[in-house]
Every structure is written in C-alpha cells, then in structure tokens.
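Participant: If you look up Swiss-Prot, you'll see 88, 91-92, 96, 98-101, 116-124, 128 marked as 5-phospho-alpha-D-ribose 1-diphosphate binding site. Annotation comment: Swiss-Prot describes 88, 119 as anthranilate 1 binding site. What Swiss-Prot lists as Mg(2+) 1 binding site is 100, 233, and the listing cites sequence analysis. The anthranilate 2 binding site annotation in Swiss-Prot covers 174. Annotated Mg(2+) 2 binding site per Swiss-Prot: 232, 233, in sequence order, evidence recorded as sequence analysis.
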C-alpha cells in the first residue's frame, strides 16, 4: 500500500479508535515491505500502545508477519503428532537461566516435536539464540535442514531474523522509542512452523488472557499462556497465572510448584549470567547434574509442554516425565546431536 492509501487507516488510529484485523494487517504489510516512513511508524506504534492494542489488532499484525515470513518446509503429512513452541516474550526484567530453551531439549527428548522460535536477548544477558551459539548450533541453519532436524531429532530452532527479514525496518524506530510496543508480543505469535500447540510466557499478568485470545483467533489448537510471579514462564518461586486454550475454550487458573509435585525455590536461585555461564548451567541440567532449583524450573516448563502435546495427562505427570528424561541423559544426548548436525552442515 502507498503512503496515501494507508492514511485513512492512520487517521482512524490517531482518533483513538480501533482498527479491524484486516486494516491492521494492511498497515503492518506496508511496514514489513519497507514502505512506511519512520516518523509515521513511530506514530502508529505509539497510537496503538497508548490506547492499548486490541485482540483484532494483534492478530492482524501477526497475520501480516506470518504471511511475509520465509516459508518453513514441513508438510502436513509429517504433522501427525503436532508441533509445539515453548517461548516467552522476554522483557520481564529478570536475568534468569535459559529455562524455556533448556526445557525445549527436555520436551523433545521426551517425545514432543519442538520448533522453538527465538531471538537474541530482550531482558536477560543471554537469550535463546545467545545460548545456542555457545553450543555451536548455527542460528542461520537453512529451513530445509531445520525441518530435517525436527523430523529426525524432534527439535529445531528457528532464528526470528532469518525468517522475518521485514522486521528490520522497525529496528531503528523501536530503539529510538525505548519503550515496549506491539512488537514485544508479536515474536512468539509468528513462528514460521505454525505450531499447533504453544506454551507462551508473557512479561505482564495483564497480557495472559488477551494473548490466549489472540492464539485462539490465529487458530492455535492448544495453548497455555503463562505469567509466573514476574517471569515470562512457569514459576518455581511463586504462583503462575494461566490461560489455557483447549477445545476452543479458554479457562483461567493458577498453578503453584506443589501442583507440579516439586518444592518452591527462591528467585535468587534461578539467576543466570553471561551466555558462557548459562551454557554451562544448561549443560549441567541436561546431564542430570544441575541444582534442584534449576532442574525443577526446567522440568515444570517442559512438563506443561508435554501436557499440551498430549504426552501426559496432567502437568504433574508431565513434570515427572521431564525429570525422568533428564535423569536418562536423553536430553543431553539430543543437545550433542543437534550441535553435530549443525557443525557438519557448516563444513
């Protein structure tokens, strides 16, 4: 769309009114194609933020970004079990160990098909991609190789900038604004593998139910959207607020560590460090040599993923399966296999 054709949509926004899903998709398509002036983009993002983005607007922005993404070749014939993503928005302000990335290895080793969509760090010192780079896992692995890893190893990591080139047009504006915008919630919603199942952590309790409604609008089959006492994942240090999408309905409830069959820990026990230090922690956990707090934090998140995939009938049973998988050494073996495939592809 040209600058003149998006003007009526911007006028609606600047009057404090909401856009439809289709109208928002049109605006974001223009942005992704690099056809939106930066001043206009800043105005659009701030108008959305100040009024508060609606379910339809977040869904429309996600539609545009999904449509423009580099395709992920995973035919429906290979989707019999369904794919899950274990992902957080980031930006919760805490520097924890890489819980969701480590949980992805555990869930995959326990039988889930995990396509984890990730990026470099938002709030911690070490994001999902920073950690994987430490293990020699190539972030720019071709979509074809990533698809083969998902098929043969149950796990692949999809580096967001590799699939969503158009987002680069928003980077200078986002950096200049220095405040959260709709982009902070879009990352987890635009996985190019289009997972049927999602364990999605959000940085604010106010986002839990709205983001579950967005997943419902986007056609996700089953999901848990969680906020864990300040963290964008299931909490070991307190209660977790959950909106679960199942059979087209959303139910809201709270979980505590006792619901998973593990003891509560202190937040300080989950603090992470630089990527090299976090890589050491992840390796220890996957080898069955992590601290109780680290191991349990990973297991309760992997346990929710296993529950969502239908591999366990409760989050408690899922956590037990995750803990047994860690003890078996299968998750550590998977880390080594993925690193090996990645390094061979780079030779």
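Using the three backbone atoms N, Cα and C, a Cβ is placed for every residue, glycine included.
I would like each feature placed in context: is it buried or exposed, what are its neighbours, and how far apart are things?
Facilitator: Within 10 Å of the Cβ of residue 119 (anthranilate 1 binding site) there are 21 other Cβ atoms, across all protein chains.
Residue density at residue 88 (5-phospho-alpha-D-ribose 1-diphosphate binding site): 29 other Cβ atoms are found within 10 A of its Cβ, drawing on all protein chains shown.
Listed in sequence order, 88, 99, 100, 201, 226, 301 are the same-chain residues at least 6 apart in sequence whose CB falls under 8 Å from the CB of residue 233 (Mg(2+) 1 binding site).
Taken residue by residue with DSSP, residue 174 (anthranilate 2 binding site) is part of a helix. All protein chains shown were included, and the count of other CB atoms within 10 Å of the CB of residue 174 (anthranilate 2 binding site) stands at 17.
The Cβ of residue 232 (Mg(2+) 2 binding site) has 27 other Cβ atoms within 10 Å, all protein chains considered. Residue 232 (Mg(2+) 2 binding site) falls outside any helix or strand according to DSSP and counts as coil.
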Participant: Out of 119, 174, 232, the binding-site residues in the record, which is closest to residue 96 (5-phospho-alpha-D-ribose 1-diphosphate binding site) when you go by Cα distance?
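Facilitator: Minimum Cα distance from residue 96 (5-phospho-alpha-D-ribose 1-diphosphate binding site) across 119, 174, 232 lands on 232.
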Participant: Which secondary structure state does DSSP assign to residue 119 (anthranilate 1 binding site), in the simple three-class scheme?
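Facilitator: It is coil.
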Participant: Within the chain of residue 120 (5-phospho-alpha-D-ribose 1-diphosphate binding site), which residues six or more apart in sequence place their C-beta under 8 angstroms from its C-beta?
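Facilitator: Looking at Cβ-Cβ distances below 8 Å from residue 120 (5-phospho-alpha-D-ribose 1-diphosphate binding site), excluding near sequence neighbours, one finds 127, 129, 130.
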Participant: Over all shown protein chains, what is the count of other CB atoms within 10 A of the CB belonging to residue 100 (5-phospho-alpha-D-ribose 1-diphosphate binding site)?
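Facilitator: There are 26 such Cβ atoms around residue 100 (5-phospho-alpha-D-ribose 1-diphosphate binding site).
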Participant: Give me the non-local Cβ neighbours of residue 117 (5-phospho-alpha-D-ribose 1-diphosphate binding site): same chain, 6+ apart in sequence, Cβ-Cβ under 8 Å, ordered along the sequence.
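Facilitator: Spatial neighbours, sequence-distant, of residue 117 (5-phospho-alpha-D-ribose 1-diphosphate binding site): 85, 87, 158, 160, 163, 187, 188, 190, 191, 192, 193.
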